[in-house]
Amino acid sequence: MRQKIVAGNWKMNKTRDEALALTSEIVNMVRDEVRGDVQVVVCVPFVYLTSVGKLLETQSNISLGAQNCHQKASGAFTGEISAAMLQSVGTQYVILGHSERRQYFGESNELLKDKVNIVLENGMKPIFCCGETLEQREQGIHFDLVCSQLTESLFHLTPEQFANVVIAYEPIWAIGTGKTATSDQAQEMHAKLRAHIASKYGAAVADATSILYGGSANPGNARELFGQSDVDGGLIGGASLKSRDFLDIIKSF
Ligand code: PEP
């Protein structure tokens, strides 16, 4: 059985008080309403990791996540945050390669390889994002492109290391646009990715890899998306900022 995961990506939203209020609501709702087999993750802005982490200590199936980290261990990189720093404040997951970071901060597959390495070396799990633009889909190169994102950033890992990676397929045209991939489109890509992982690491590793869907997922479409055989949960942006919506998505399995 693959781990079901629903991860919220708060992006650059919420003040401190708002972040703590949202966390408390999520903690209470998950405790009252969510069965134990779904791993919930909240990926919060760096500055709230410690305080949100304290609130999460009471709820064992909610994990703390960050949204990025620097690729080097330490040093003269003013303004940056290292993997060791994240680990030292209790971070368990780190989103890497989100399309916004690829687009606005020039993150390449090669750079992401180093980030994946340092996150794993520090005992955390990368949530590795991949996905194509609308133009690339229309050109028919989306399968090759997304598979090559995995090949170039992840396929140097040993099978034991790869077992700690979570994949998030996020078609860029669906992120924050209100335009969701159909469940067939999501399933098609997830199955391709799983086959691609199997070609490198074998069927057992591929079958055990959680592949999440991200892109305008909401309480209205999550059930159908999560009902697909190769969709193991979601990476949720906008809808993770409202506790009720986030909870309804978590309960959509
Ligand atoms: C995301 O940012 O990872 C995301 C999926 O955003 P949204 O759900 O808002 O499309």
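Glycine is treated like the rest: Cβ placed from N, Cα and C.
Note that TrEMBL annotation is computational and uncurated.
What TrEMBL records for Asn9, Trp10, Lys11, Gly176, Ser216, Gly237, Gly238 is substrate binding site. Sequence-distant neighbours of Asn9 (substrate binding site) (same chain, six or more apart, CB under 8 Å from its CB) are Cys43, Gln67, Ile95, His98, Gly214, Leu235, Ile236, Gly237, Ser240, listed in sequence order.
When other Cβ atoms within 10 Å of the Cβ of His98 (active site, electrophile) are tallied across all protein chains shown, the result is 26. Per TrEMBL, the feature active site, electrophile maps to His98.
Taken from TrEMBL, the feature active site, proton acceptor applies to Glu170. Its Cβ placed at the centre, Glu170 (active site, proton acceptor) has 28 other Cβ atoms within 10 Å.
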Distance, Gly176 (substrate binding site) to Glu170 (active site, proton acceptor) (CA atoms, angstrom):
11
Mind giving me a neighbour count for Ser216 (substrate binding site)? Other Cβ atoms within 10 Å of its Cβ, every protein chain shown.
20
For substrate, whose listed binding residues are Asn9, Trp10, Lys11, Gly176, Ser216, Gly237, Gly238, the greatest C-alpha pairwise distance in Å:
14
